[in-house]
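**Student:** The compositional bias 'Polar residues' annotation in TrEMBL covers 252-262. Annotation comment: TrEMBL describes 263-290 as compositional bias 'Basic and acidic residues'. Positions annotated as domain 'Cytochrome b561' by TrEMBL: 20-225. Annotation source TrEMBL lists region 'Disordered' at 242-290. Taken from TrEMBL, the feature transmembrane segment covers 14-37, 57-77, 89-110, 130-151, 163-183, 203-224.
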């Protein structure tokens, strides 16, 4: 009874954190829209400052908010009964959407700069931002190739999982830091009369947006790094079960059943190895975060 009560309390704490992070993320997206429509020139695609405004809106919507949701999607307890493959598709799909929005936001900046004869890629914000986009695309590609497609050997997945997790969280944190740099840079350039240093309403408003991004990022990183909120190992043993396979079926078994020369003893031993590997990288507290 005490254990059950503690579990419910832990579940309640997770839900409170989840609701808070979704709220902070959603409000950040709304504030980015309020910023560009109320204080700036709105949104358009004509080489004007309104085209540049797509950049902060799409970065905050895709690269921050949607990427944050993609990171914690495996942590949602009500998805633990779903197949691991379905969750992988959702995780990869959300990250793909975030990637597309990030690329469109970059195109908007280059287009605006070129139309106004403003130099490209001279600021630290642009250097780190482009680096984050490049590494994110590599992370996405390697995630598809190794963890989503059924060809990579289990040993390779086990070896790459900690790197995948670490780089995913690092990219996410870097994106938020880069967004804060970009917000500051934009305010310094855009606020001339009164200047940013005079703290006009827009400066205070956008500084608050930056604080919300930090809180959102902190909540996501906290949820993603708690080992007791990870998907249970028992569920991980059901990764890619083929039709008609036993509940213990794994990715290795599903790929081997398609090969006519695999004999049953090989199949059993490989399945056992796969199950042990799955449990091993779960015990290490790893979670796919792309």
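Backbone N, Cα and C define each Cβ position, glycine as well.
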**Student:** Sequence-remote contacts (6 or more beyond its ends) of the transmembrane segment (163-183), Cβ cut-off under 8 Å?
**Tutor:** 55-56, 59-60, 63-64, 67-68, 71, 123-125, 128-129, 131-132, 135-136, 139, 142-143, 146-147, 206, 209-210, 213-214, 216-217, 220-221, 224-225, 286-290
**Student:** What parts of the chain pack near the transmembrane segment (89-110), using Cβ distances under 8 Å and only residues at least 6 beyond its ends?
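**Tutor:** Same-chain contacts beyond the flanks: 45, 51-52, 54-59, 61-63, 66-67, 69-70, 73-74, 120, 129-130, 133, 136-137, 140, 143-144, 148, 288, 290.
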**Student:** For the transmembrane segment (203-224), give me same-chain residues lying six or more residues beyond its boundaries with a C-beta closer than 8 angstroms to one of its C-beta atoms, as numbers and ranges.
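**Tutor:** Contacts with the transmembrane segment (203-224): 14, 17-18, 20-21, 24-25, 27-28, 31-32, 34-35, 39, 60, 64-65, 68, 71-72, 75, 169, 172-173, 176, 179-180, 183-184, 186-187, 191, 196, 287, 289.
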**Student:** Express the predicted model's confidence over the domain 'Cytochrome b561' (20-225) as a mean pLDDT, rounded to an integer.
**Tutor:** 97
